[in-house]
Every structure is written in C-alpha cells, then in structure tokens.
Amino acid sequence: MFISQPAHLLEAARTLGCSATGTFFRVALPMARPALAVGISLALLETLNDIGASEFLGVQTLTVTVYTTWISRSDLSAAAQIACMMLMFIFLILTLEFYGRRKQGFSSRSLREIQPTRVQGWRGWLLGGVISLPVLLGFLAPVLFLMWESAKRIGDENPLSSSLLSALQNTLSLAAGTTLVVVCVSMLVAWSARHSAADNAMPGFRRGVMRLASLGYAVPGTILAIGFLTPAMAVDRWLADLLDVRGLPLMSAGILLVICCAMRFQAIAIGALDSGLGRIPPSLEQASRLLGENGAGTFARVHFPLLRPALVSSALLVFADAMKELPTTLLLRPVNFETLATLLYAEAARGTYEEGAIAALMIVLAGTLPVILLVRHQMTRRG
C-alpha cells in the first residue's frame, strides 16, 4: 500500500521542509488509511470466524460458544440469540469504519510510484530480522513441523489412506463448485451494477449493491449457517415433497453447503471484478457499440478479455478460502462428507494432531499457491 503511493506528494512534503518521519505521519500514513482500514477489518472478521484454533487453544470466543451451544447442547434458539448479538457487534464495527472515512477521498493524476530504498549495514539486518519474524514464527516453523511429520508418515505402507483421498476429493469438489458459483454470480452482479440505468439516476445504487453483496464475508460462517439453515431446510423439504423423494435432496447433494460458502466468499470476487470493470475506459465499450455490437457481444469481446486477470485472481482466492473453510462445512455438510479441514479438526479433537499433518500440509499448499501466483503477477506488471 505504501509502494503504490504517488512519489510526487512525498517529494513535495520533503521540499517544503518536512522531515522523513513527519512525511510518513502527515502524508504517507493518511493516504494508507483506506488500505489499513480494510486490512484491520479483514483481520477482525477472520478472527471472529475462527473456530478451530480458538477452541483447541482454550479461548472461549462468541463463535465457539455459538457452535458448542448448537452442536453440544442442541439448543438452536440460544445459539441464534448469541448469533444476533454478534451480528449487532459486526454491523457496529462496519458502521464506525464507514462513517470514519465517509468524507475522505484519495486520488492522484501521477502514476509514478515510490522507488524502494536499499537499507545497508546493521540497519538492513535489523530491519530484515524484524519483518521476517512473523513469517518465521507464523508460517515457516509450523510448515517445517508439518513437513517433518508428513515425511515420517510417507514412509509408511499406506500414507495416503482412503479417508484422506476421499477428503481431498470432497475438498476439491466443494472448492471448485463454490468458485464457479461465486465467479458467475459476482460477474453478473458487478457488471449489472456498473451498467444499470439506475446507476445514472441514483449515484449510490452501485455502492449499495456492492455493500449488500459483500455482507456475507462480514458474517462468521457459523452465524451464516444458522441463519441460512432454517429457510434452506424448508425449501429442501418442499422440494422433497414435490419430487416425492426421501430425505433432503439439496442437503444430501451438498448444494446447500456450496450456496452458503458462495454467499460467504462473494465479496472476494465482487471487489476484484468491480475494480477491474472500473479500470476499463468507457470509450472501448462505446466504440464496440458504434461498430454494431450488442451488450452480450461487447461483454464477450471487450470486457471479458480485459477482466481475465481479475477473474483468475479472484477465482484462485475463492478456491483457496473454500478449501480451508471449517465452520460452514462442519454445520452444513452432508452425512459422511469429510473435507481436509473437517478431517484435520477431527484429528485435533481426538488429540492426534500428527495424524492430520498431511491434510494440514495440503491446506497450507492450497492457500500458499494463489498468493505466490498473485505476487508474481503483480511483480510482472510493475516490472
């Protein structure tokens, strides 16, 4: 967020006599506020959504309380009451963040970015050690442990058990289905909001549509599953009576799980696609229309090729998030349906953490690969 800031603003502050520290606090930091607000909000929402780490480390969060109240005590009404309290807290956070920056805007006509400065000597070593510490403790050390435990089990006669292979297949199916639904719906929502006639009549229409479609990510998976389960089960029972079949067809086929996961991760794709549509000059669409193309032809020949990088990046992020989604999968999965996340959760519940090392390593690789591809893509664009 700092390297993409316009360099001429910082240079102007230094020219006016501001020190490097003053330039950071008075110019660079205020310009980085939107990105910081988004990052802090994402960290808060991810922490609220967590079940596994909080439960096994003995931290009794509200999300864990909702889950245990519903599953262990079979008290759905009490779990719904706690979920409503959490929803009020979440909307309070989002409202305060929105009103805190509602009158702020940041723009620049200059595209020249800040040139990184190489820090030499002991200062460079100290700075490198400080910024590497979170990566070493939060990523490298756990991954090395998982690789060590996985290597010990690869030496066994059957390291990839049938349950692990089945969980891997279910995980890939769930992630692929969720990604397909999210990308298709997000493209439709983003394109319709951008090109709706109401957007010209009401300037806040597009912003309202984007916020409404993005609310799913702000709600923890446990709460989303509770709110989604009752109406979805009613529709499922009606469909079973209509088709004269036993059981719950949508629940048994995993369709309800895919829909709920798609609702949760919709914001990831909508944000990327809306940003990508905003970077396409209107003159390209106008030229296509003047050449006789209709709306569908303009989308297929103009918008879609230009949106391909945003589509790929959003699909990778949604796929990785869906692979490691635990709360929604635990509550809405069909009978005997295990994913890598639920399999690892079950091993941790039994106290056999090492047995889930291979599944955990697969989840880590699935989450790391999209990040590597996105970073390489951004570096290629800058280069």
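Heads up, the Cβ atoms here are built off N, Cα and C, so glycines get one too.
Just so it is clear, the model here is predicted, and its values are computed rather than measured.
Among the features that TrEMBL reports, domain 'ABC transmembrane type-1' is placed at 1-95 (among others).
The transmembrane segment annotation in TrEMBL covers 78-100 (among others).
According to TrEMBL, the transmembrane segment annotation covers 121-148 (among others).
Annotation source TrEMBL lists transmembrane segment at 168-191 (among others).
According to TrEMBL, the feature domain 'ABC transmembrane type-1' maps to 168-375 (among others).
Counting residues 6+ beyond its ends, the transmembrane segment (212-230) has Cβ neighbours under 8 Å at 45, 48-49, 51, 63, 66-67, 70, 76, 79-80, 83, 86-87, 90, 94, 186, 189, 256, 259-260, 263-268, 270-271, 325-328, 331-332 in the same chain. For 212-230 (among others), the entry in TrEMBL reads transmembrane segment.
Residues 173-174, 177-178, 181-183, 185-187, 189-191, 210, 213-219, 221, 224-225, 228, 232-233, 235-236, 239, 307, 310-311, 313-315, 317-318, 321-322, 325, 328-329, 332-335, 337 of the same chain sit 6 or more residues outside the transmembrane segment (250-273) yet have a Cβ under 8 Å from a Cβ within it. Residues or ranges marked as transmembrane segment by TrEMBL: 250-273 (among others).
Look at TrEMBL and you will find 306-323 (among others) tagged as transmembrane segment. Long-range contacts of the transmembrane segment (306-323) within the same chain, counting only residues at least 6 positions beyond its ends with a Cβ under 8 Å from a Cβ of the stretch, are 171-172, 174-176, 178-179, 182-183, 186-187, 261, 265, 268-269, 272-273, 275-277, 279-280, 284, 339-341, 363, 366-367, 369-370, 373-374, 377.
Among the features that TrEMBL reports, transmembrane segment is placed at 357-375 (among others). Within the same chain, residues 142-143, 145-147, 149-150, 153-154, 159-160, 164, 167-168, 175, 313, 316-317, 319-320, 323-324, 340-341, 343-344, 347 sit at least 6 positions outside the transmembrane segment (357-375) and bring their C-beta atoms closer than 8 Å to a C-beta of that stretch.
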* Structure fact -> Helix, strand and coil residue totals from DSSP for the domain 'ABC transmembrane type-1' (1-95) stand at 73 helix, 1 strand, 21 coil
